[in-house]
Amino acid sequence: MDVLEMLRASASGSYNTIFSDAWCQYVSKQITATVYMYFALVMMSLLFIAWFLYFKRMARLRLRDEIARSISTVTNSSGDMRGLRFRKRDKMLFYGRRMLRKMKNVSGQMYSSGKGYKRRAVMRFARRILQLRRDNMPLEMRTVEPPAEYLEETIEGSDRVPPDALYMLQSIRIFGHFEKPVFLRLCKHTQLLELMAGDYLFKITDPDDSVYIVQSGMINVYISNADGSTLSLKTVRKGESVTSLLSFIDVLSGNPSYYKTVTAKAIEKSVVIRLPMQAFEEVFQDNPDVMIRVIQVIMIRLQRVLFTALRNYLGLNAELVQNHMRYKSVSTMSGPINSQTSQSSRQAPNGPPMVISQMNLMQSAVSGTGSSGVSVTVTRPPSSPSRHSREEHTLSDPNPNPDGSFHGTTNLFTEVHGDAPNADLFHQQQQQHSVGNLSTRRSSITLMAPDGSHSCLQTPGVTTSIDMRLVQSSAVDSLRKELGLSEEDSHIIEPFVELRELEPNVTLITEGNADDVCVWFVMTGTLAVYQSNQDATRAKQDKSDMLIHFVHPGEIVGGLAMLTGEASAYTIRSRSITRIAFIRRAAIYQIMRQRPRIVLDLGNGVVRRLSPLVRQCDYALDWIFLESGRAVYRQDESSDSTYIVLSGRMRSVITHPGGKKEIVGEYGKGDLVGIVEMITETSRTTTVMAVRDSELAKLPEGLFNAIKLRYPIVVTKLISFLSHRFLGSMQTRSGSGAPGAPVEANPVTHKYSTVALVPITDEVPMTPFTYELYHSLCAIGPVLRLTSDVVRKQLGSNIFEAANEYRLTSWLAQQEDRNIITLYQCDSSLSAWTQRCMRQADVILIVGLGDRSHLVGKFEREIDRLAMRTQKELVLLYPEASNAKPANTLSWLNARPWVTKHHHVLCVKRIFTRKSQYRINDLYSRVLLSEPNMHSDFSRLARWLTGNSIGLVLGGGGARGAAHIGMLKAIQEAGIPVDMVGGVSIGALMGALWCSERNITTVTQKAREWSKKMTKWFLQLLDLTYPITSMFSGREFNKTIHDTFGDVSIEDLWIPYFTLTTDITASCHRIHTNGSLWRYVRSSMSLSGYMPPLCDPKDGHLLLDGGYVNNLPADVMHNLGAAHIIAIDVGSQDDTDLTNYGDDLSGWWLLYKKWNPFTSPVKVPDLPDIQSRLAYVSCVRQLEEVKNSDYCEYIRPPIDKYKTLAFGSFDEIRDVGYVFGKNYFESMAKAGRLGRFNQWFNKEPPKRVNHASLNEYTFIDLAQIVCRLPETYAVNTAELFSEDEDCDGYISEPTTLNTDRRRIQVSRAGNSLSFSETEMDSDVELDLKLERKTDKSTQSSPPSNSRSDMRGKEEARHMSNWHWGVKHKDETGSGATEATKTQTGQEQELQQEQQDQGATAEQLVDKDKEENKENRSSPNNETKN
């Protein structure tokens, strides 16, 4: 009341201004009237309540008086009733009815009638009068903190293992898996060395023949430069080792080396375990398979760790290989030629002359060397003049073409007659080297020129047939020496040596090819080795390959790919006219069976080619294996190294001062971890731990410094890398980590390499679901689907045993490297395969049926226990026929607090059709040939898993938001899928409509109806209230939004959705991804002054329009995982052309300028405009960052002429947005900029090609090949997916051999398919059906062709069986007889088919069927699968 007295005093004359007195009087009257009005309203309400209670009490008294009068009347009329009594049954009836009346009153409180109903009606009326509304709050999502294991590392001690044995076990793990007896034998050779501070562990000129493991203390490893200075490479701490794997190969191959530049000195008192490398040689004599596996692991480490780190991240290519090696004299390798041969016409442009003197020929003939029985016919056509005019290729200009490409190059193994790429000499001659005739082949060799004519060593125009036995003998002798074989072993390699003469620029093998791997030996000429350019800064300018080194005569190449079993890391081409001798991969493996030690010589050949830099790096680089939960480094530790993720997944967690832990990011395969902290020399800011079993390469800081001093290009590479990372962090900094932001708002990489698929119940159609997801992923890139049956077929039935751990993990790692994503389909039980899937998965998809119970099963809880740190996402399936929308999603999420994200997937009818496994494979073999629907939920899920999601951001702007509907229609017509939607203000409304309906017609209709309601002014007038907080109460506005959406939660939307609001309680923005949809849409549309802030149901914070802080939240969408974003801005444009009025401003002057028509108008903002500009200051800054970002396509339709409240022009504004959007996307398509949004559109259907098959490129275990380890299934690599690839299901589904097909068909003859059949049987029967069709279609061709084709297939099949190892002996000894019978039966079958030359393909199949029926009837003839 002090204010009222002050105003009354001012009205009485304290102020002399008329205007002030009038204003004060008016205000005092209004306040007085308001107080009186509210007082009168309260008094009238109290009087009404008192009158109502009085009336109710009087009615009750009148009723009681009437009952009393009735009783008295009955008493008077009946006389004295004291002698009367009730019968027992009447008493029971009376008390029973009385009890029922009581119970009815109690139960009636649950309904809208009964006791208390009138009281509730009065309370509702009073609440409506006093604005005391209490809504029924819906079910809220329970916020459960992740378990401690999710953000904390595992700290477990190994008390049962002594420290020295534990450190040694961890150190020699880089050599592969050792069995316990082998490990114990190695431990016997260990020695303990005690060093004081300053003592040398080893120094220059000491023999490099030991592995050193630090048990305690610290050792400094440094290199000595030529000027006498030293540079530290790394500091070896407790548990780490000092060794060079390249020196390990030198010692085992009999060429021990010495330390030339590397020295190790103790920093403090230390105890070091010394393990001589000779101890391994003793073990390898008794276990040759262990030696071969160790050499293979070393070569794999060399290729994956050294080359990956130095090439991809430091930009070193040619610096890794010695280009100037010792030139070897190979005078007898070119063979005898005619004395009249013109040297000038046969001399290569850059190679040595291909001429051998007659003296060398006579000397070789007298010495008796040669290969008897081998004759070579060599012819040569006239060479073209252009061949001699070709430019010389040097290191400075390696490319023959002016544009830097190799357009004119040809492949050595391409067919000489025609251009068919699938028919090549390499694969044609594979059929000539089958297992049966490799050891006995003594055929004549014809040197063919690439143009299809015979090659000759004479003058052009002269064709002569000469004896080339000396050339063959010289090639055999040279390759024998390179492989470390004695002269007595010449007969072993002699049948496998082949000769070729190459024209310039003939490609022997391309980078990434695993089919044409050979060991090539250069006899004359030169080979050039290239590698693709990995420099990201030059990728758009220089597409040519980079020259690495030359291979001169007397040198060998191809050993690295041969030993690793992986694809070739280089492209090899002939630089000039070159003659080579080579041995194919299959032949090398057969030689290994007889002489396993050739792997040492092959490895030594690879090591000799490497530069001294690689050997120094080999001392510094470490290969680290981390189990799930183990920490790479911890927060606040010193940063002296960086790490490269080779496989697995890492998680970075920060611990705040209060002890709270938060996820900072996640790293996948190929990411660099800890590089910024190491370069800036700061302590670790986070703790990085392994989410699953991972492999890392550790690069110490000293190695970086040493390489930077020698090769300055590394600095440029690092600057480029850090610049991209810094720019990316700047773009994602805003919006992340804000209060109220979900966990997904952290900069976590949503790109996964391995995905595990787990069914909740047995009712989930897991196989069709995996097929559909596979189909959608094929449109993005190479993908692989693995099941337990597929792995058993490929690697054997005992592959899940502990003894085969190395083989299984290596095979899976290789498959993951070849594909952008690998799908692991788990079993329906907790089997060994399911546990392996959990260990391999980057993310786990828990698949359930959305219309079934949400309860958690026991199997699901076990999965969460096995993989606590792995991210888990829920996938709910809905049948398309039911037309049902997602509901009750919150119950699913509350029951599974470990789920971080959910997906709703609408499934077509074929997914839920109950079919046998065979029919499912048959169905999807046809589905795979079709184009996947890029707008389906499966494609949306596929893009999310691969990090290619497309986000749509709709900005605020009032009635101008109708343009969003037109833009949505234009986006749909342009073929752009929408995977995520976010909106603010009117954009939140339109985006929520699209996520809920996904039909442009329904969305347009609902948006139009809502806009019409906003034009009904009489409803708005009824919503007016006293303007203390806002002009409107918001009741009618809430009703319009609630009628549009209903009681739907954000979790129940088909498409992931978020909206943004301004939290004026905490002075920040809030991102809403769950909760009541209409409430948060209403909050995001609450314009200050017009609508009151909405109270957040979760914590009561006041929420206003999100446009005040971010009117176009494209940055938030990017943080949530969208890779490509379309942002549509419909906000108002502020006028920036304002009048400069000087230092002061008079309102009278503005009023004069406004009303005087003879003066020029001025542009000065008024009070509301200034308040609006102040409110949108942060929004404007955020909008400028979005416009300048590289991940966002900013679009603004021409809708500036429409006002914010022009809701009546809905159709007109929508048409403007549609026309503009259609033209905009058409122009983008013409300019080629639309590809990143619809790059899956109009793409050819995924076709299964031979090179992508599991069988044609898989992990090769040399130890298994050499030692013939037992396998259950012999996989046919030559014929798999060749004939029936168009209807055979997924490319990752290997089938069985033809003999197995026929046998399984016979065993199932006469039986119908059932739902319990396994996938293995189903694939076989499908292949049999397709094989019959293929055989029938070949009847029209000549019988000779059919016989030759079948003979070639059988030879390829036997080659494949030899390649992968034939099962000849069971582990228990019981399988030897069965395996022998199986092999004998296959040979007899092949001989019988070759004898039946007049039979057609159909007759052969029928004959095999009859023979198998007879074998089935006889127990002694059965074969074991």
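Quick reminder: no glycine exception, Cβ is built from N, Cα and C everywhere.
Feature annotation from Swiss-Prot across SER72, SER443, SER453 places phosphoserine at SER453. In Swiss-Prot, the annotation phosphoserine falls on SER1160, out of SER384, SER1160. As annotated in Swiss-Prot, motif 'GXGXXG' covers the listed stretch 956-961 rather than the other ranges in 74-79, 224-229, 956-961.
When SER12, SER444, SER544, SER576 are compared in Swiss-Prot, the phosphoserine annotation sits on SER444.
Among the ranges 268-272, 893-897, 983-987, 1288-1292, the one that Swiss-Prot lists as motif 'GXSXG' is 983-987. Burial estimate for the recorded positions (GLU482, ASP1105): highest at ASP1105, by number of other CB atoms within 10 Å. Taking the C-alpha positions, the distance from THR578 (nucleoside 3',5'-cyclic phosphate 2 binding site) to ASP1105 (active site, proton acceptor) comes to 75 Å.
For MET562 (nucleoside 3',5'-cyclic phosphate 2 binding site), other Cβ atoms within 10 Å of its Cβ number 25. Counting other C-beta atoms within 10 Å of each candidate's C-beta, the binding-site residues THR578, GLN594 are led by THR578. Mean predicted confidence for the motif 'GXGXXG' (956-961): the pLDDT average there is 90. A sphere of 10 angstroms centred on the C-beta of GLU498 (nucleoside 3',5'-cyclic phosphate 2 binding site) encloses 19 other C-beta atoms. All protein chains shown were included, and the count of other CB atoms within 10 Å of the CB of ALA514 (nucleoside 3',5'-cyclic phosphate 2 binding site) stands at 19. Cβ neighbour count for MET546 (nucleoside 3',5'-cyclic phosphate 2 binding site): 18 (other Cβ atoms within 10 Å of its Cβ, all protein chains included). Packing around TYR530 (nucleoside 3',5'-cyclic phosphate 2 binding site) is summarised by its Cβ count: 22 other Cβ atoms lie within 10 angstroms of its Cβ, all protein chains included.
Looking at MET562 (nucleoside 3',5'-cyclic phosphate 2 binding site) and ASP1105 (active site, proton acceptor), their Cα atoms lie 65 Å from each other. Comparing the Cα of ASP1105 (active site, proton acceptor) with the Cα of every entry in GLU482, ALA514, TYR530, MET546, GLN594, these being the binding-site residues, the smallest distance points to MET546.
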